[in-house]
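In what follows, a single structure is set out as structure tokens and then discussed.
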Amino acid sequence: MAVCYQLPVLALDRPVPKHVLSRRGAISFSSSSALFSPTPRHLSKRRGAISYDSADQTALFIRLLDVRGRSQPGPQPQRRAPRPPPQVDFRDLHSGRDAAGPGATRGLHRPLSLQRSRHVLQRSPAPEPRHILDRDYGGQATCVLQRVGCWDFDVFLLDRLTNGNSLVSLTLHLFVHYGLIRLFQLDVVKLRRFLVCVQEDYRSHNPYHNALHAADVTQAMHCFLREPQLAETLTSCDILLGLVAAATHDLDHPGVNQRFLVQTEHHLAALYQNTSVLENHHWKSAVGLLRESGLLAHRPASERLKMEERLGSLILATDISRQNDYLSQFRCHLQSGDLRMDNANHRHFILQMAMKCADICNPCRPWRLCKLWSSKVTEEFFHQGDTERKHNMEVSPMCDRQTNSMAKIQIDFISNVVEPLFSEWSRFSATPLSRVMMGHLSANKAGWRRSLLEEAEPAKLSASS
Ligand SMILES: Nc1ncnc2c1ncn2[C@@H]1O[C@@H]2COP(=O)(O)O[C@H]2[C@H]1O
């Protein structure tokens, strides 16, 4: 049984040391935590999480899960001990890759010469001759960014030219492009600081869920925002939220899926009650960074809260397990032809659909880019599968390298997830871009089918010999 309490911070019997509160707004604890064990350990098994990201910001909430025999002395009812969750050391997940999550990854980018993006407020050091290299690369990056609205945009190239800072440079470029700095009277230093923090809070050692994926999704979102039905009707606030949601939609992704977090009783699963665990975490992390940066501090509080809420519903829409709900709603609208882009709720729904498309558009990219993304996502899946096998857990679908191949995963993903979504999107937005995307999608699927046949060939040959 899971029991969930929300208690104001005053209910705690001793103050919470500041150092346990990360800016991400959540910490976990268990029965072994000295901080929260007013009852003897043998009487109480506590798991849960603490969140300070409440609307009024003055209260701290704790959630206790699986609370049994709390502070009641005497014999406990006889029960068969539940199977303990696998004791996964999350540092193992990225052994040799990501030792301790965000923060630990900071400083890993080897500067081309001198790059000061992580010290936005520091004064520039004295010029040195090697700055000339930065200027060369900067010039090329600027050139590449001129093509940011093209569907075959090469975000990998931009990432190399900006030395791993594609998310910051691309998003800043788009803010300038849409005039958002002027329209929202944004402080450029705060904006840059916010984007640098966003980029750094992606785990650079995740093969797929890292800042480069976020840059790719932001670029795709820009392409969708330019589609006539959206470009003619979206407000500047819609555009701002669309870009921020795309840039932050996988913030601090741990490189494993929700199923894994639930099975290992990760504190995030407890905090978000096993529902849209990752997406809630990405959203709350984004809100934490927005508040910390003070980017919107000059806007009225009610507007800020509304924006945070809408940001949440855009990020939560990327929960792939809820795809069918969104798709049936979309189909209903398309069948009845009742979508009105002058209606704010309808516009927001279309933004949610655009966000979903941007998130999983990699199979619709040209073959070279599609293959790069596929190998990254497969590497991350298989790494999770290896960890699950190592801990005697059931290996998640698509994560088992012994029974899957990249081609097989891609064909399934395209047929079951991407095609249904993009065929509805291209019904809504029947444009040249949609035709290009659908063209790549079917060509790529054919490419994966060929790869699958090639994979089968050696097996057939050895069976017949
Ligand atoms: N090319 C791909 N092949 C297989 N799965 C993918 C691919 N691209 C995205 N996904 C999945 O789609 C999911 C979208 O939500 P997530 O980013 O949480 O996790 C993503 C992956 O699990």
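Heads up, the Cβ atoms here are built off N, Cα and C, so glycines get one too.
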Of HIS205, HIS213, HIS298, residue recorded by TrEMBL at the Zn(2+) 1 site of HIS249, ASP250, ASP359:
HIS213
Other than HIS213, HIS249, ASP250, ASP359, which residues of the same chain sit close to Zn(2+) 1? List them in sequence order, counting a residue when its Cβ is within 8 Å of the Cβ centroid of the site.
HIS209, ALA214, VAL217, ALA246, HIS253, HIS282, THR318
Taking every residue in the domain 'PDEase' (133-455), what is their average pLDDT?
97
Using all protein chains in view, find how many other C-beta atoms are within 10 Å of the C-beta of GLN410 (AMP binding site).
26
Given the binding-site residues HIS249, ASP250, ASP359, GLN410, find the one whose Cα is closest in space to the Cα of HIS209 (active site, proton donor).
ASP250
Counting only residues 6+ away in sequence within the same chain, which have a CB under 8 Å from the CB of HIS249 (Zn(2+) 1 binding site)?
ALA214, VAL217, GLU279, HIS282, LEU314, ILE315, THR318, MET355, ASP359
Sequence-distant neighbours of LEU212 (AMP binding site) in its chain (C-beta under 8 A, six or more apart):
VAL155, PHE156, ASP159, SER166, LEU167
